[in-house]
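Q: Just lifted these from TrEMBL, have a look:
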type	residues	note
DOMAIN	250-382	domain 'DinB-like'
Amino acid sequence: MIKVVLFDLDGTLVRVNTDAFVRDYVQQLSEQLAEALEVPAAQCLQALRAAIRAVSANLDPTCSNRAVFERAFVQALAMPSEALHTAFARAQAAIFPSLVRHFAPEPAAVPLLERLMARDIAFAIVTNPIFSLETVYQRMIWGNLPLELPYALITNLEELHFAKPRPHLYEEVLARIGYEPDQAIMVGDDFQNDIAPANAIGMHAYWLNGAQTLADFAAEVENGLLERLARQPLESDRRAQIVPRLLGNTAALFGMVEATPQRAWHMRPDPNEWTPLEVIHHLRQSEREVQRPRLQRIAAEDNPFLPPPPEPFRPNSVQLSETPQQIAADFWRERAQTIAFLEGLPPQAWARPARHAIFGPTTLLEMAHFTARHDHLHLNQLCQTVGKCQAE
């Protein structure tokens, strides 16, 4: 069942000449920043382009796009990052009024979103997160998209860790909002940025290529498109999906850690439930003691028998003195070792068999995908637990 629709923004939910807008935005922003920071405009333009390239190239799931952008920008100009924050906010505010001319509403957008709401189908905006959230909001406003609709996520520079066209971004998005690839469809106008990476992770996609419009997609949804797609699993390279999925899940964890209020970490919504801190401790412990050792055993032994994992610790039975950030960093050190191990496997190793006490006959590839599903299970638990804590 398709449960969530991911929409690109520019050229999909709003009408815009994307290339013209981006050129104008970058040029005006560089001029405003150059004046505020007292550096040559050409040098500032080069720094902006270098920062955007750095974000596009980033594969570190622990660094937000904003952190990558700021680091590259200030390095290019040899200045402290504190100087950038105020200048950037003022520069954007100064140029926004002149950028509205690039945008127009997409008439099919709001009725489509309202129809999805009526059918209890979630939706998110997955624009390339090289722009600040304020810039994304402005583009939505210029396209008459209501900000108050229940978007599952709106991607932006501050919160995300990868950029288009990397499939890692789509994995991060799905992990953040709690859906699997076969439960989602991506709708966009750019084949390289929207369609190809969505298909690569096993997600259906609808290409607005001129012959197909957003209005056409809305009509097909009414005619049962989402139900038909749910019965048509997408063929994809499941081995190639593993590393982007594990990295995307890690990025989602770091995003959740950053977004969770400090007061929630030690709250327990029910005596028999883990606190949010215990949830991420379990992820760390499982990676170290269960997930990676199991994969290594399949690679090393002939058709090994895999016993069920040990019972997880009981709520409030482990004393945790570390901060959420420290536990997340420790999890990443464990996850990086798992990824290095998987990347070093010869192609034939992925088909190595094993016998699981619960799942029966399986392979190394299947168990690697199980590790990713284990991530999703507890990332969803983390999200739900934090939600309960905040409601108290």
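For all residues, glycine too, the Cβ spot is worked out from N, Cα and C.
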Q: Going by DSSP assignments with H, G and I as helix and E and B as strand, what are the residue counts for the domain 'DinB-like' (250-382)?
A: 82 helix, 10 strand, 41 coil
Q: So what's the mean pLDDT when you look at the domain 'DinB-like' (250-382)?
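A: The answer is 97, the mean pLDDT of the model over that range.
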